Amino acid sequence: MIPLPARRTVVETEASELPARAGELLREGHRLALVAAHHDDETAPGGRAVRVVYLFVSGPPDVRVELRVRLDADDPRLTTLAPQSFATGRFEREMRDLHGVVPLGHPLPRRLVRHFHWPRGWYPMRPDAGPPPPFAEPEGPYPFLEVEGAGVYEIPVGPVHAGLIEPGHFRFSVVGETILKLKARLWFVHKGIEKLFEGRTLDAGLPLAERISGDTAVGHALAYCLAVEEAAGIGVPREARQARALLLELERIHNHVADLGALCNDVGHSVLNAHALRIREQLLRLNEETTGHRLLRGGVVLGGAHLHAVPDAARLRALRDDVRQVADLALGHSTVRDRFTGTSALPARVARDLGCLGYVARASGLGYDARIAHPFHAYDEPPTVPVHTTGDVLARFLVRAEEIDASVALVNRLAQGLTSGPTTVPGPREDAKTVRSGVGIVEGWRGTITTRVEITPEHTLGRVKPVDPSFFNWPALPVALADTIVPDFPLTNKSFNLSYAGNDL
Amino acid sequence: MSDSVFTQLLDLACGAFLLTAVVVLWRRELSVIVDVFALQGVALATVPLLIGWHEGRWDLAAVAAGIAVLRAGILPHLMRRALTATTAPPHADEDEDDGASYGTNGPYGTASWDRTDGAHSPERTDRTDGTHRYRADAGEARETQPLVNVAASLLTAALLTLLAYAVSRPLIALDPSPATRALPVGLAVVLIGFFVLTTRRRALSQVVGFLLLDNGITAIAFLATSGVPLIVELGVSFDVLLAVLVLQILTTRMRTAFGTTDLDDLRELHD
Amino acid sequence: MSGVGVAAVAAQVLVVVLGTPLLTGLMRQVRARMEGRAGAGVAQPWRDMRKLLRKTPVTPTGTGPAFRVAPALLVATTAVAAALVPLASTATPVSGEADLILVVALLALGSVALALAGLDTGTAFGGMGASREMTVAALVEPTILLAVFALSIPAGTTNLPRIVEGALHEPARLASPAGLLATAALAVAVLAETGRIPVDNPSTHLELTMVHEAMVLEYAGPDLALVELGAQMRLTVLLGLLASLFAPWGIATGASAAAVALGLVLFAAKVAMLGAVLAAAEVFWAKVRLFRVPELLAGSFLLALLAVTSSYFLGGV
């Protein structure tokens, strides 16, 4: 049975009605998945305007509602939705930096994407932006909030770190060893991916999507493909959907195994990290046999999937038993367990308010999973979603360990009946007179990925807006660190393991 | 055996006896505390064995065997059973861990996201494709926050040892011999047992404190008087055994009725 | 006698200075093999030191004499301690002055010099590392002094060579409760003093968790080589101290050169074995939360105190 593609309800909204409509949708239990601004020229149905799209989703059953607002092209302003939804507030700040859309009444109208040496008044996503002007002298130092008090000092860390991790700047305000406040400054790896997508052919957009966040190749590629297939009307055979689900789980497994080892390493128990990395190497070789790339690139293609080989169930089960042993050893070690327990607990209320996704949310009691809420494949049994309620590092460790278990079982079920080789259907690409849009929602290994795509009548990409779950989860990190001591920060950061590149785009 | 060898071995046994009492204060995991208590039983049994060997009294050797069986075998076994009974299955523990419930409507309702494998036994379910149950919560198995923190407890134990030494000086002066010179160790363990009994929250830790008390008294009896009559020792041991059995049943009942044996949480009368 | 004695002292210092990188290499290799890695080889610390010595020394602006003097002071104090501790022989020209409390004080002086250097840099990491190091040191010093006291009671003096000779003549003393408890207490104290797991992770890359490494983040080139050598030497000297106090067999007590040579060889073997055992044990441990370190050290303090008291009322000697 092919699940019906989810229908999206589109509601054209006036800018003045926006807060009321959005509030109603949020109260009904939808979550805001994405906010994207588009610059329409004269040929568009609404004329020259800045069109902002708000995507609200919920499930099961899969419900998607889009609110579209048209703003003045030269002076786009709208009332902020930040008091109703924290995540929307962040999207609005991003839109302001990249598109020039002003959110009126925003409680924290500060730069998000633009670092302090970006020239004022230049918005790179506007169609008339042109090549970047020479970057000027910094307008001033980034105003980090200073914490006053006796004995409070600041520790700046990054963006260049001592280990091989992505760049981000953290400013701690500390008294003794307790963190009073953490401010994270990101967007050091902003590559202008959304702009790079514009004008590419549909096939040329896929490699770019795979590289949005290197370790989430399948997640982002799949979200992109689902969106493009909805927009261009391309069908996907059932076997291909099954193969795509399998690749998604393989990605989940190898990333979680690396995280389990890294968490043990960060408390000084590096022997378990050595074993976890050994298991991961086996998984990466399995990935290479399956798709020809250790990180599963090239597995998901437009209109289908491409498997070189189907993973062997016995091999996966043996690796799973190995992982179980590593996790049991970690949980049985009293010092490791003591370091994990109670460290940096994220309260469920905070996770819900910030809109957290993925294993961060599941460790704090929120079990939202796009495989169940927005399925692209009809699983014979719904995937197991482990949920814990304590929200500390131990809970995030346990959620990952249990997800590995569940994913291995799911892969072995999905592998039955699959054959190797490309399974695509040459897509019937109809001619469209207007710009058509599509949305892809996928449960990547970090959390729910949402991608919205608009295709021009010439079958090129007009606008692509990918949203990585890290964009939602980053604000939760400073909140979880309240009452934590400084030496526990690397452990907490690793337990969140958020993508800098996926966030910065 | 010669006097000097006897003195050395007796001192080693008494040293181990005191050290195990200290480790009970130091460690937090209840299973480790029970194991250490078992070791103390072995050290305690060595004392009458050595005294009997030195003086040629073989009834003391029988007493030593009895003590070893009781205090290093039966009592720790009963306590371990109480421990596994009180460490509830992880599934139940999760709900108890965090009081609030998060069943809401909309995409974040947790009610729908239950595990589908449905196994509820406390042991690991190692079916070939089933999910593996990890030890999610060790809440009952650890003494998380004693009334006096661990560092202060250890310093208090040091003071109690010195106190024991000071108090028993006149006793030793009555009849200085290698055995009586080790008297302060017994007294110190009695005091440490009292301390554990009064400052620990978990019922099982308090049971261990009570048993330390009794071990200390037995040690004093052997060191000061080369053993009490066998019948008295048997009577006392039987009483202790009964006490532990009752406490084990009580602990299990408390756990099922109130969900915890943390006595600080049981301040009010319940229906 | 004095000729052999002088040679013994010189040989002790030389073996410690030159052999320390080998001990570090051995410990890292044992750890690597146990974790399933190939390891860098036992001579890697030698290669690292050679590389560092060839680099240009860099001093951050704003640092003063405390920063510049600390590496040399660290190595010097540890070398003097290596001369005083009877690692290979108890009959040396400095035996009369080789007081246990003096050795402890010298090692503490090295710690303080590094902590001051960490503060002198003015960076957040230097300050953090210095404060953590001093916290640990403040808790460890009473333990070391009490354990020392426990050992000096049977010998009647705190003079190290006398204590060692006493242990050589009366091995029963080592198996007494006082001896065993003092060993345990000193072992924990050595772990804390030299910054090993479970107190500190010497091979971590996470600056926010570092204790010792954070103080020396600003050193480069030959200064860094000296600092690393000094830290490694401390471990060697402390392990040698443990070996001399609790396993003194083989230490020369007279003036024969052959005995001294044998003493050196046995010293190297004992320290290598202790180091390998420590490295293997570290594989199974993890780093405790910073605020649990006082618990660990309070426990070792208690053991030392029990060692002192039991040497009074147990043992009868």
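Even glycines carry a Cβ here, placed using N, Cα and C.
A TrEMBL annotation is a machine prediction, not a hand-curated record.
Going by TrEMBL, these are the annotated features:
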- C:6-27: transmembrane segment (TRANSMEM)
- C:69-88: transmembrane segment (TRANSMEM)
- C:100-122: transmembrane segment (TRANSMEM)
- C:134-154: transmembrane segment (TRANSMEM)
- C:174-192: transmembrane segment (TRANSMEM)
- C:235-252: transmembrane segment (TRANSMEM)
- C:258-284: transmembrane segment (TRANSMEM)
- C:296-314: transmembrane segment (TRANSMEM)
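Distant neighbours of the transmembrane segment (C:100-122): 60, 62-64, 66-67, 69-71, 73-74, 77-78, 80-81, 84-85, 129-130, 133-134, 137, 141, 144-145, 148, 151-152, 158-160, 163, 193, 212, 214-218, 227, 230, 234, 237-238, 241; these residues of the same chain sit at least 6 beyond its ends, with a Cβ under 8 Å from one of its Cβ atoms.
At the 8 Å Cβ cutoff, the transmembrane segment (C:69-88) and the transmembrane segment (C:258-284) share at least 3 close pairs (sequence separation 6 or more) and count as touching. Contact between the transmembrane segment (C:258-284) and the transmembrane segment (C:134-154) is absent: fewer than three CB pairs lie under 8 Å, with pairs separated by 6 or more positions in sequence.
Sequence-distant neighbours of the transmembrane segment (C:174-192) (same chain, 6+ residues past either end, Cβ-Cβ under 8 Å): 136, 139-140, 143-144, 146-147, 150-151, 153-154, 167, 198-199, 238-239, 241-242, 245-246, 278, 293, 296-297, 299-301, 303-304, 306-308, 310-311, 314-315, 317. Beyond the ends of the transmembrane segment (C:296-314), by six or more residues, the same chain brings 136, 139-140, 142-144, 146-147, 149-150, 153-154, 176-179, 181-182, 184-186, 188-189, 192, 198-199, 288 to within a C-beta distance below 8 angstroms of the stretch.
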